[in-house]
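> What TrEMBL shows for this protein is this:
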TRANSMEM  77-97  transmembrane segment
TRANSMEM  103-124  transmembrane segment
TRANSMEM  176-195  transmembrane segment
TRANSMEM  201-223  transmembrane segment
TRANSMEM  323-348  transmembrane segment
TRANSMEM  368-385  transmembrane segment
TRANSMEM  406-426  transmembrane segment
TRANSMEM  458-477  transmembrane segment
TRANSMEM  489-513  transmembrane segment
TRANSMEM  533-552  transmembrane segment
């Protein structure tokens, strides 16, 4: 090959300076003003979700008469499906509808599902109540599928990464975003669960329906202020093209005449759409070198007057596929964390229901209301993390965020191990107290042990969320290709869903093995059960998982981009030990 490669190259002289473009005129759309409208919608959705999920096991066991293990599995399945559907919703948003229309449609579906749920616990005849209740649950799961992956991404899209001021604002966005939705969840746990336990389930679900209606109206009020990203078609087609092209050229040598000849068309600099964040050109990396063959210009490409996208892909296209591949092991490494935190809605609540919960002579704390401790922990920890920890860590590490995203996630994984160890110790103390007072065969009796002994495990759950969940949100937004960011949000959400299914599988395995030895660990009588052993099994699995995560993250390569013809490396190649190295 020689100069005849011209048919598949272009002149990039028209590339413009993205920073200069974004700073020529102060944008009339986007920014915090637009983001606040979106945040309000998410707060209402979290209010509704936790108002339902936080006390769902109580309704299933007390009102529908399900055994504890069956109810726990049903809760895990619903949470899991609600977290898997966002993968489909994200695909629809990124490929066809766009994020705004997807949020709007899913919010309407979510509202209708909550109305149906309210009817199922009130006017629906008793013989049909269970069927209608579960139907409403999975209508809500469909609404979650479109809502969850798009709202956070749509809010983050309101900040232009090529505008220095807005990029600086975005650096704190994920912390304050999570703070906002935790506020919504915490209020639900205090208000709605109290209504469910002390007034009626219909009143509790009715409040949730009303909040969703108000949030939908607020979202529409801000319609003129939003930056709306256009759908770009199926991103999976682009991914498939890279693999097919690389397979077709697996025999082709990368070098010719002592240097690599690669196709670098489709650079992003000149494709800016007004009102949207400008795409950036990716730097070639050394990982997954087998995919680089997809951008090698061979003799057939040279003779062709038009580029066949299934034979020849751009550098940007190949590097975007590498970004996706790098995130898969991190995704797998966080599944055990989600399997641990699902105890919050199941066995933590059942533990609390057996303990002393009185405050004063007449008030009993609803066991599910203890989940407010997680929210309070997050509300306190996020500002401390953002305003105290980050500045101190920044001075030590030189990293703009104090620690890397992967280090933040790994810290949360370690906290989850401590969480299960502490939970197991507290459960051992609870069972010993029951034994001492002769309550082993009285599962409905109140064990004379204060429910506040559960405080440490709830606090550790909140701290784990501050590190791992927020870190995952930022990682899957920052490291995904721009046109796949809704799918990136869905991917981190699906960690929770698959983790719930894993927890269900662990419960089933534990039940089968323990029953063979004459004593089920997770029976309806928690005093006779071995819930503490179950917690320690989760701690052991989490410790093994953390070792695997550290091994994976040390080999992670952060996204690297070009800016103003200078290369900007968004992190050194070692994920756990590296730091952000940005050239301004």
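Quick reminder: no glycine exception, Cβ is built from N, Cα and C everywhere.
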> Under 8 Å, at least three CB pairs between the transmembrane segment (176-195) and the transmembrane segment (406-426) (pairs 6 or more apart)?
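The answer is no, given that the two segments have fewer than 3 Cβ pairs within the 8 Å cut-off.
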> Tally Cβ pairs under 8 Å between the transmembrane segment (323-348) and each listed stretch (103-124, 201-223, 533-552), then give the stretch with the top tally.
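Answer, by Cβ pair count: 533-552.
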> Is the transmembrane segment (533-552) in contact with the transmembrane segment (368-385), using at least 3 Cβ pairs under 8 Å (sequence separation of 6 or more) as the test?
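Answer no: the transmembrane segment (368-385) and the transmembrane segment (533-552) share fewer than 3 Cβ pairs below 8 Å.
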> So which of 77-97, 406-426, 489-513, 533-552 has the most C-beta pairs under 8 Å when paired with the transmembrane segment (458-477)?
406-426
> Between the transmembrane segment (406-426) and the transmembrane segment (533-552), do 3 or more CB pairs sit under 8 angstroms, pairs being 6 or more residues apart?
yes
